Amino acid sequence: MNILPKKSWHVRNKDNVARVRRDEAAAEVERRKRDARALRAEQEVRTELLRKRARLGGRSPSPPAAPALFPPPEEAAPNREHEAEKRREQERRERALGVLTYLGQSAAEAQTCPPWYLQPPKKPGEGSPEVQGGRKALLDPLQEMRKGLRRAPSPKNPPNPPRTRPPNPPESGGATG
């Protein structure tokens, strides 16, 4: 089944072909008007220039320019050191982001430090000596033995025997039954 010609947006549809031709003709007319206006403006400028020359007797309309002792800032030579510094800074930023790579260089090699997934994992306890000393003290078996000795009774002072309550006296005068 061929339903494409029935679509309103189909390129080969007669209405669409006519609309395109109309739009192209209008664009061509607009382009010609614009070109004619530009040509007319150039012609008026040339005519005005020739009239000024005729009034001045063939001389140029503007007096000769005085020699420039100091060139204007736009024409001054660019500061090469500043441009080199800016270029180095830009290159450093791009290299840090991984944007700037050279031929045959991988993105990981281009970075100043390897990415987190390429760095070896850090073991807990690595770092400052205080942290290392505290961790070593906790894991030291000798320290564990000393703690146990502190809790145990010393042979010089025998432990006090546990206190026992005296038995309750029997109740007098009671019959069991």
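Numbering starts at 1 and runs along the chain as displayed.
Note: Cβ is positioned from N, Cα and C throughout, glycine not excepted.
Among the features that TrEMBL reports, compositional bias 'Basic and acidic residues' is placed at 21-51, 77-96. Residues annotated as compositional bias 'Pro residues' in TrEMBL: 61-75, 155-170. Residues or ranges marked as domain 'CBF1-interacting co-repressor CIR N-terminal' in TrEMBL: 8-44. Among the features that TrEMBL reports, region 'Disordered' is placed at 21-100, 113-177.
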Residues in the compositional bias 'Basic and acidic residues' (21-51) grouped by DSSP into helix, strand and remaining coil: 31 helix, 0 strand, 0 coil
The compositional bias 'Basic and acidic residues' (77-96), counted residue by residue under DSSP: helix, strand, coil: 17 helix, 0 strand, 3 coil
